[in-house]
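Engineer: Before we start, here is the structure in question, set down as structure tokens.
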Amino acid sequence: MPKYRSFKTTHGKNMSGARSLWRATGMNDEDFKKPIIAIVNSFSQFVPGHIHLKKVGELISDQIQKSGGVPKEFNTIAIDDGIAMGHSGMLYSLPSRELIADSIEYVINAHCVDAMICVSNCDKITPGMLMAALRLNIPSVFISGGPMEAGKIRKNEKEIKIDLVDAIMIGGQSNQCKNFIKEVELLACPTCGSCSGMFTANSMNCLTEAIGLSLPGNGTLLATHVDRKNLFIKSAKTIVKITKEYYHHNNKKVLPRSIASKESFENAMILDIAMGGSTNTILHLLAAAQEAEIDFNMSNIDELSRKIPHICKVSPSTSLYHMEDVHRAGGVMGILGELNRANLLNKQTQNILQLNLEETLKEYDIVLSKNPDILKMFKAKPAGIRTIQPYSQENRWLTLDYDRKTGCIRSCKNAYSQDGGLAVLYGNLAKNGCIIKTAGIKKSNYIFSGPARVYESQEEAVNAILKGEIISGDIVVIRYEGPKGGPGMQEMLYPTTYLKSMKLDKTCALITDGRFSGGTSGLSIGHVSPEAANKGVIALVKNGDIINIDITQRVINLNITEQELQQRIFQEESKKSLSYKPLNRKRHISYALKTYAFFAMSADKGAVRDRQKLSKI
């Protein structure tokens, strides 16, 4: 049987000093016989998705202790992408993912921790923790803080739902009155929790369910609902249970790398495509797969995107549904249940419940479940009360949304589209691929051509859009915003939202080697690989060049001859030390960001560090 890792610091005569320090944290002789379980929290007063996690950490700690473990809590950093967006702060968001993963490794290995429960929620925190769990491969459970309730506002004598993207969009409308802008600002984000649409945070928390590292309900159960408290308690019990399962019974099936197999990654990607999740999830799944040493790449994603239907449409792809509505329709398990009935899933993947997927769906898919407690959990309803207190209300729907024909979650037969919500495009403009979220795009825009309007920074593009320099039919190209070129691969929510506010979102396209917020909609193509700073063809595009996009055929091409392309490559490389660099951009790059840029690979590799460079150090 494997020994507790923590015994290296709690057993043996030569560890008296370490034990003395452990005692100073409140431990005693009995505790030295138990597993030390880290509560990897991400509480922060900067982020509404994390503002309530201090209480959550205390709740989990108490339950771990009751269940026979020794809880030890520490925090990771957490950046709010919505607050960091629209200025140089967004350069730091993606690089923080690597720092989160590294900091967890440092604390866990320095203190010989036996297991960990990851309390995450927002955009880069869940991926960073997932990378760490797969790197360390100790018993791990994920539990998110839960989604925010959708905002509500009265317009034209009707109550409509709103969210963060509405606040950004309306703020960008030059003809909008200040009073209405303020009203939306006050109502768009009413509670603690991750922003209420199928943005990056909620997408990732749904994917941890599909992978099998979190309990059913994790991705969709509201932060404010009392049922979330039960989920925290159950997660705490689960981490103690699987920790003992591994160390007492040598059951390696409960370890992250056993659970997060290639088949589990495929299930997660299938879910992502079916629900039209954030394009950022692709970046993070590719990065996590490398930590798990799994061969999962853009080709796998492309293959899946061609056969998975789009069966769940949520904001920002529609204003009708938010995460609270997905939950009422059965949550992640409801979506997976429909995919399973169409034989589109790997059914034998395992999870932290020590069940395979098919067994889990029998219990948690509302179409199949006979368990009244589970059906009651999916009736959790928003309260519509402004609060930052977790599990503070217990409202319930009278009925569940079983409508698989016209409801929030649909059967594969009644899908919103037989094409999935995400697609990978290839061509001379993106030799290694690029990503588009098709969930919010009309079929009439699946084939699109137009002249390029080229910008070498997000700021430059935003100014052009707001000044009215972009017209219907244009393709906005924003380059040198990739992992290396930015550096940091900024999100482009402001450019896409401002195109929407200018009524250009359905008649223009945007292409970038940067990335998009989960709140992005419209004809927005990101993750162009190779990026401009890595000698990608996007660096060679000129104003007025025609770009051809064909989503149906999965093609994106710069419409110039091969001879012209080679001539442009020659001209660019003749600039020598100035080649493949933005020439007119004024941007301060800190040493921390330069370090990230030096090691960063393009988006098709998950924007992770180049291990070949590391091996040469």
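From the backbone N, Cα and C atoms, a Cβ is placed for every residue, glycine too.
In case it's useful when we look at the structure, here is the feature table from Swiss-Prot:
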- Ser517: active site, proton acceptor (ACT_SITE)
- Asp81, Asp123, Lys124, Glu491: Mg(2+) binding site (BINDING)
- Cys122, Cys195: [2Fe-2S] cluster binding site (BINDING)
- Lys124: N6-carboxylysine (MOD_RES)
Engineer: How big is the Cα-to-Cα gap, in Å, between Cys195 ([2Fe-2S] cluster binding site) and Asp123 (Mg(2+) binding site)?
Structural biologist: 10
Engineer: From the Cα of Cys122 ([2Fe-2S] cluster binding site) across to the Cα of Asp81 (Mg(2+) binding site), what is the distance in angstrom?
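Structural biologist: Spelling it out, the Cα of Asp81 (Mg(2+) binding site) and the Cα of Cys122 ([2Fe-2S] cluster binding site) are 8 Å apart.
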Engineer: Looking only at Cβ atoms, how many others are within 10 Å of the one on Cys195 ([2Fe-2S] cluster binding site)?
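Structural biologist: The answer is 31 other Cβ atoms.
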Engineer: If you draw a 10 Å sphere on the Cβ of Asp81 (Mg(2+) binding site), how many other Cβ atoms land inside?
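Structural biologist: For Asp81 (Mg(2+) binding site), the count of other Cβ atoms within 10 Å is 28.
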Engineer: How far is it from Glu491 (Mg(2+) binding site) to the residue listed as 'active site, proton acceptor', counting Cα to Cα, in Å?
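Structural biologist: Cα-Cα, rounded: 5 Å.
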Engineer: Can you name the binding-site residues among Cys122, Asp123, Lys124 whose CA is within 10 A of the CA of Ser517 (active site, proton acceptor)?
Structural biologist: Asp123
Engineer: Per DSSP, Lys124 (Mg(2+) binding site) is which: helix, strand or coil?
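Structural biologist: Assignment for Lys124 (Mg(2+) binding site) reads coil.
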Engineer: May I ask which residues of the same chain, at least 6 positions away in sequence, place their Cβ under 8 angstroms from the Cβ of Lys124 (Mg(2+) binding site)?
Structural biologist: Ile79, Asp81, Ser93, Leu94, Ser96, Arg97, Ile100
Engineer: Can you name every residue in this chain, apart from Asp81, Asp123, Lys124, Glu491, with its Cβ inside 8 Å of the center of the Cβ atoms of the recorded Mg(2+) site?
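Structural biologist: Result: Ile79, Ala84, Met90, Ser93, Leu94, Cys122, Thr200, Ala201, Asn280, Ser517.
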Engineer: I'd like the number of other C-beta atoms within 10 A of the C-beta of Asp123 (Mg(2+) binding site), please.
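Structural biologist: If we count other Cβ atoms within 10 Å of Asp123 (Mg(2+) binding site), we arrive at 34.
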Engineer: By a simple count, how many Cβ atoms lie within 10 Å of the Cβ of Glu491 (Mg(2+) binding site), its own Cβ left out?
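Structural biologist: Cβ-Cβ neighbours of Glu491 (Mg(2+) binding site) within 10 Å number 32.
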Engineer: Can you tell which of the recorded positions (Cys122, Ser517) has the fewest other C-beta atoms within 10 angstroms of its C-beta?
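Structural biologist: Ranked by other Cβ atoms within 10 Å, the recorded positions Cys122, Ser517 bottom out at Cys122.
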